[in-house]
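*Asks:* Structure incoming, see below.
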């Protein structure tokens with residue numbers, strides 16, 4: 001007489017025991033994956049990443065800072081017009097700071113063209129600008145007479161040298177690795193979304209063979225009513 005309720009309870013417990021595995025599959029949320037994909041695609045639509053934009057701002061700062069120091073040097077050494085004519089029109093490699101300013105303009109043009117407009121993901125452009133800057137400044141310090149012209153003979157070459165190498169370090173250790181990491185994350189998220197899309201139809205087809213707990217409870221009540229009706233009336 002009690003076998004039917006016991007069997008129904010066992011069936012109900014077994015169906016409940018299979019629910020965690022289905023919940024584990026449901027834990028892969030396609031909506032969240034699609035949201036992540038859209039966020040990464042939104043970054044790609046920007047055309048330039050945040051860290052690359054910061055690098056371009058630093059390159060611009062390099063040019064503006066060297067230009068500011070050069071203008072200060074022109075103003076200190078007898079007025080801008082007089083010193084500008086002396087350093088530009090009567091250019092002398094051994095005593096002029098104009099070539100250091102042109103070197104900053106050269107770095108700005110090459111780096112902005114390569115990493116902002118062409119969006120290169122290689123270090124060869126900044127390696128070229130840093131090598132040219134280092135070689136030129138070392139030759140100028142050795143051959144010129146800048147040290148006899150006061151503090152700016154030390155400041156401008158040292159600042160230009162330091163800024164060029166900071167740009168190299170920032171691109172090689174920050175910009176390129178971070179962008180590569182973001183690309184790998186995008187590929188992983190896309191792969192996970194494809195797997196989730198393949199698992200969803202299988203989940204729906206498997207779910208069709210499971211009956212809800214209410215139907216099992218209803219069958220228990222119907223079986224008890226049948227047993228009561230079948231009892232002989234004394």
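For all residues, glycine too, the Cβ spot is worked out from N, Cα and C.
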*Asks:* For the record in TrEMBL, which of the ranges 23-40, 77-94, 149-166, 167-184 is the transmembrane segment one?
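*Replies:* Matching range for transmembrane segment: 149-166.
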*Asks:* Over the domain 'MENTAL' (48-219), what is the model's average pLDDT?
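*Replies:* Mean model confidence (pLDDT) across the domain 'MENTAL' (48-219) is 86.
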